Amino acid sequence: MAPVPPGIRLLASFNREQWYRALTFILTFLLYTSFHLSRKPISIVKSELHKNCSSLSESSSVSSGLNPDVLKLRSDCGWKPFDKSNYKQLLGAMDYSFLCAYAVGMYLSGIIGERLPIRLYLTAGMLSSGLFTCLFGLGYIYNIHSLSFYVLVQVANGLVQTTGWPSVVTCIGNWFGKGRRGLIMGLWNSHTSVGNILGSLIAGYYVSSNWGLSFIVPGLIIAAMGLVCYLFLIEPPCFLFYHQSFQPLFFHPVYVQYKDSRKQSYDTELLLPQDSVCLPLQPVVVVKSSAEPSAISFMGALRIPGVIEFSLCLLFAKLVSYTFLFWLPLYITKAANLDAKTAGDLSTLFDVGGIVGGVLAGVISDKLGKRASTCAVMLLLAAPTLYGFSMISGLGLRPIVGMLLLCGALVNGPYALITTAVAADLGTHKSLKGNARALSTVTAIIDGTGSVGAALGPLLAGLLSAGGWNQVFYMLMASDFIALLLLLRLVTKELASCKSHPIFTVELKEH
């Protein structure tokens with residue numbers, strides 16, 4: 001008989017539980033990639049909504065000798081109503097409408113998500129988000145110039161996009177334990193940067209020819225991923241417990257039998273090991289509980305140690321990150337005198353740095369067992385790095401490339417760690433006594449508070465940039481320092497814990 005190929009042996013070495021974990025990891029990664037992919041186009045299209053046409057008008061009038069009325073049509077300063085001198089305020093208000101709706105909706109989303117099936121809740125949100133993203137692009141196709149139309153679409157899109165983060169974090173948090181959570185979630189959280197990169201590339205491809213497609217294509221992608229979510233997403237694994245230790249079964253597969261001897265449902269059988277799998281012998285009786293753990297209240301989630309500090313820290317950290325997300329391409333266009341497509345492609349380097357920073361933050365915090373200290377060091381280094389970036393922006397492409405990578409790592413590192421590993425740690429804190437239903441609410445509180453900063457950052461950038469870009473960078477540096485100050489109590493507690501225990505026994509106890 002011919003030997004079994006090595007690849008088949010490798011595939012057969014993984015049990016069913018490991019395959020479902022891998023599926024959940026990859027699927028939730030792709031789902032939230034599509035969320036960020038659909039948010040990025042607005043920052044790329046800004047430079048097309050308002051063009052610097054004064055120099056173009058002068059050069060064209062000299063070289064072409066065209067009729068002034070015709071020339072006026074050709075050298076239009078952008079898309080009405082963003083073609084006026086107050087375009088920065090209008091673009092900032094449009095960002096603010098999306099992010100403010102997102103921040104308000106996030107607090108409700110976690111509470112609602114705990115009470116509905118995650119798969120259906122997430123699918124509905126993605127389909128709705130695809131609809132509203134496409135509607136923004138249809139404004140170009142149908143020649144819509146009403147500011148209220150674009151603002152309303154942004155508000156609606158901001159509300160439905162809140163279904164995403166609590167849902168995917170709850171799924172990934174329930175499938176993976178605390179052991180290497182920082183590393184796993186650091187890798188997984190790179191979906192944010194991957195989505196931003198893909199969104200920039202897709203939007204940049206169409207921005208100069210038909211900026212409407214910069215929204216329609218990402219909208220169709222997130223809607224298609226919503227259907228994939230409906231078809232394949234597995235929510236939490238079967239929470240079956242040992243009769244003694246009450247540890248989740250999916251970490252230690254054993255034979256099971258219902259106490260009432262009824263046949264298992266088809267869905268349950270799919271997630272349980274097959275009879276042909278060799279399993280350790282251990283007597284287990286699974287009792288189906290008639291009462292599930294009740295969902296945690298909003299105030300109950302706030303009382304978990306560390307939730308308030310990390311939430312407020314994320315407010316300022318996310319303020320910085322989202323200011324870059326929405327304004328970086330326009331800043332590069334103005335500071336380095338580049339066209340919209342080149343500036344959009346260059347801005348993806350910030351997200352590449354963010355991937356590296358998120359993974360490093362996760363690995364370091366896993367190794368040291370100190371989430372707050374890891375965030376504090378990166379925030380301390382981020383502020384002077386931002387100042388350096390503002391100083392070298394006009395010196396050519398090479399300095400910009402290096403500083404964008406460094407800024408992305410230091411700015412997005414703490415943001416990624418808090419929204420993933422820290423949120424999952426707090427959502428499964430020992431004070432909850434095993435109530436896994438708190439994870440969605442805790443995640444929503446942390447990210448919802450951070451989204452308040454995400455709403456304020458682009459708005460303040462639009463207002464301050466009228467007086468010069470230096471004022472924007474001073475605001476960003478001040479935000480990083482405030483975020484650092486908010487973590488000092490937790491950092492002090494971690495350092496004190498390090499002195500009283502050997503480093504290999506330090507565990508995350510308060511956050």
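From the backbone N, Cα and C atoms, a Cβ is placed for every residue, glycine too.
From the options 162-184, 438-460, the stretch TrEMBL describes as transmembrane segment is 438-460.
Same-chain neighbours of the transmembrane segment (403-426): 165, 169, 172-173, 178, 181-182, 185-186, 188-189, 192-193, 304, 306-307, 310, 313-314, 317-318, 320-321, 324, 346-347, 349-354, 356-358, 360-362, 365, 371, 374-375, 378-379, 381-382, 385-386, 388-389, 392, 439, 442-443, 446-447, 450, 480, 483, 508, 511, counting only residues six or more beyond its ends whose CB sits under 8 Å from a CB of the stretch. Residues 23-24, 27-28, 30-31, 34-35, 37-38, 40-41, 44-45, 118-120, 122-127, 129-138, 171, 199, 202-207 of the same chain, all 6+ positions outside the transmembrane segment (213-233), place their C-beta atoms under 8 angstroms from a C-beta of that stretch.
In this chain, the transmembrane segment (307-328) lies in contact with the transmembrane segment (438-460); the count of Cβ pairs under 8 Å, excluding pairs fewer than 6 apart in sequence, is at least 3.
Residues 25, 28-30, 32-41, 43-45, 47-48, 172, 213-215, 217-218, 325, 329, 340-341, 344-345, 347-348, 351-352, 354-355, 358-359, 362, 408, 412, 416, 419-420 of the same chain lie 6 or more positions beyond the ends of the transmembrane segment (187-207) yet place their CB under 8 Å from a CB of it. Contact counts against the transmembrane segment (118-142), taken as Cβ pairs under 8 Å, peak for 19-37 among the stretches 19-37, 90-112, 307-328, 348-365, 472-491.
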